[in-house]
Amino acid sequence: MKGYLKLEDGSIFEGELISKNKKGYGEVVFTTGMTGYQEAITDPSYAGQIVVMTYPLIGNYGINKYDFQSEKPHIRGFVVREYCDKPSNFQSEESLLSYLDNHNIPVLSGIDTRALTKKLRENGTMRGIITYNPEDNIEFDQTNLLEEVSTKKPYRIAGIGPKLAFIDLGTKKGILKMLNSVGFDIYVFPYNASYDDVMQINPDAIFLSNGPGDPKDAVDAIELTKHFIGMKPVLGICLGHQIIALALGCNTVKMKFGHRGANQPVKDLLTNKDYITSQNHGYAVEEESIDKDKITVTHINLNDGTVEGIMHKFLPVFSVQYHPEACPGPRDSTDIFDKFMDIVMVYKRRFYFAEV
């Protein structure tokens, strides 16, 4: 049946509603990956958003059991130029549409995604609605996205190495797998875990995950991070990067249209190397707010010059805006997990010998 994407500025894009669910509200964003739609729709960082795929043909390899980044999709809607209803892949177990229908996600096909993406680039991300009735009003909900995507109770992923307190702000499975693969004994905590909660395991290091929304809303995680800076090694990715920056006294700002996709170029200012990275964020650390006497900018985005990584000059604290674990995307910078392990082991040995 005929369907529409209506934006908050009144713009309407017409297409075909191909899903069982005919209505969905959310912030309309675009992602530029040619592949990786399964990872994108199950990435908790997309919670509360209607995702527009810029690549024109989506669904051609179906859905498999290996590429999920969480237990369910977190998007509010899915928009494509053309949907492939006959997937072909040896791992495919069901079609993309079948999967989204099973989770009540509205899907709009036949949209001029090129024109839509251009509009979002020029005017910024907007709230919108997928609907069968263009007269419908756009709703604005106040859902606590962190509560929606974070684990409800602590759990452990056993490893042979140092104990890592992992603050789940809406993590992707790929991050947990990478940290566990380098040896961390991971204890996962909810987004609102307290200092006392975390200290029950006496961790060797702290990790802050990716996640959705405005980093300034993550008040509990910011306060927790302040406690551990200078006390334990700390690493953050994506939202975790922004939270570390806020805990260090920096500011974050909402971007015009964000970075979403598996092809974002980043320069490592310490090594002068360039990487192609996977990203998914709508906020950035404001460079002007960084105290350069204490904090070094380690990475920048080559498209717009925004901050992609920071490191404290005197403390074992660093973070990156991009996703080094990829899922989907290039694995140019997976060595960050080994680097973190090295820092934690050095820090741990130093305190061991100090106690002896």
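Cβ atoms here come from the backbone N, Cα and C positions, even for glycine.
Copied from Swiss-Prot, the annotated features are:
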REGION    1-160  region 'CPSase'
BINDING   SER45, GLY211, GLY213, LEU239, GLN242, ASN280, GLY282, TYR283  L-glutamine binding site
DOMAIN    163-350  domain 'Glutamine amidotransferase type-1'
ACT_SITE  CYS238  active site, nucleophile
ACT_SITE  HIS323  active site
ACT_SITE  GLU325  active site
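Structural mapping of features recorded in Swiss-Prot.
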| residue | record | contacts (Cβ under 8 Å, 6+ apart) |
| --- | --- | --- |
| SER45 | L-glutamine binding site | GLY170, LYS172, ASN210, GLY211, PRO212, CYS238, LEU239, ASN280, HIS281 |
| GLY213 | L-glutamine binding site | ALA47, GLY48, LEU145, LEU146, LEU239 |
| GLN242 | L-glutamine binding site | PRO215, GLY236, THR252, HIS281, TYR283, ALA284, VAL285, GLN321 |
| GLY282 | L-glutamine binding site | GLU27, VAL29, THR125, LYS254, MET255, PHE257, GLY258, ARG260 |
Around the Cβ of TYR283 (L-glutamine binding site), how many other Cβ atoms lie within 10 Å? Please give the count over every shown protein chain.
19
Going by DSSP, is SER45 (L-glutamine binding site) sitting in a helix, a strand, or coil?
helix
In Å, how long is the longest CA to CA span across SER45, GLY211, GLY213, LEU239, GLN242, ASN280, GLY282, TYR283, which the record gives as the L-glutamine binders?
13
State the count of C-beta atoms found within 10 angstroms of the C-beta of HIS323 (active site), not counting that atom itself.
26
For the recorded L-glutamine site, whose residues are SER45, GLY211, GLY213, LEU239, GLN242, ASN280, GLY282, TYR283, find every other residue on that chain with a C-beta no more than 8 angstroms from the centre of their C-beta atoms, and list them by sequence position.
ASN210, PRO212, ASP214, PRO215, CYS238, HIS281
Quick check: in three-state DSSP terms, what is LEU239 (L-glutamine binding site)?
helix
Taking DSSP as the reference, which of helix, strand or coil describes GLU325 (active site)?
coil
What is the Cβ neighbour count of CYS238 (active site, nucleophile) at a 10 Å cut-off, with all protein chains included?
30
